[in-house]
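Read through the structure below, which is laid out as structure tokens, and then see the notes.
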């Protein structure tokens, strides 16, 4: 059984990460474990920037966005020599367990620490993209969804006033879940996501069909990286004759106080991660990652969840079918 654990946040930040850290710290202290907070993810682990946390370290953190430990992208962690330094830093402090909050890249780093250094690592899915396998939802997804829907509502006000077409670019990397959920909740007329082949002419045809039915304005939700938004807006305006404007929501989607569901999910996952570390699991095959499936906490080997065939969450085809029916 572990006696000292570390906790870090890695990669892009997500609302609810502080709640997850709090869940880990409070659950670990209740079990008599020492907890170290590692600053700025794997970079801080390499630079030996760790601090012992107590109950008061996480007081008033559950409602705060971002991550008070800080986060960073640290591609140098792929270097085995860099990982050796990180492992040395943990071993010198007697840290034998680690909770990593982040996406699949963060999971990969945790798995290597387990396989190379014997550290018992558990990953928690912290990303607004909802693109991590092994879980129905990631920490931060529902807060980002609220942010996107609020933006869509505001754009609808001005689009309807000017009989304008608005294109909204939503984060998600190579996963369309955030765009899809926002399109349904925001009543978007059209949607473009990575899981479904996107062609400009098909989108224009749908918009023209809407205009023919008397539609005077429209909202198009599109996942980032699918097209250049300004160029697409000009193309739609040229083909339809309707004024068209693009809006890139950007990093505002990552900020803000986490909504209640994200706070609950993060707290449950944090406590569950500590339970895993306290149990007699076999870590010879690597670390574990936590998920929620049908509202129940589950875990799986990290190696399974980051395997190429499982590297992202399953496409919510039923959501897409629903969205299409409502256009």
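Every residue gets a Cβ built from N, Cα and C, even glycine.
A quick note: this is a predicted structure, and the numbers were derived from the prediction, not measured.
For the ATP site that Swiss-Prot gives as 73, 74, 103, 104, 105, 106, the extra residue drawn from 12, 16, 23, 32 is 12. Among 146, 195, 224, only 224 appears in Swiss-Prot as part of the substrate site alongside 127, 128, 129, 164, 171, 172, 173, 245, 251, 252, 253, 254. For the binding-site residues 56, 127, 129, 245, 252, a Cα to Cα distance of within 10 angstroms from residue 103 (ATP binding site) holds for 127, 129. Least packed by the Cβ count within 10 Å, out of the binding-site residues 73, 173, 213, 217, is 213. For residue 252 (substrate binding site), the nearest neighbour among the listed binding-site residues (73, 74, 104, 105, 213), judged by C-alpha distance, is 73. Within 8 Å of the centroid of the Cβ atoms of 12, 73, 74, 103, 104, 105, 106, where the record puts ATP, the same chain has further Cβ atoms from 10, 11, 41, 102, 109. The binding-site residues near residue 254 (substrate binding site), taking a 10 angstroms Cα-Cα threshold over the set 12, 56, 59, 74, 105, 187, are 12.
Residue 127 (substrate binding site) and residue 12 (ATP binding site) are 7 Å apart (CA-CA, integer value).
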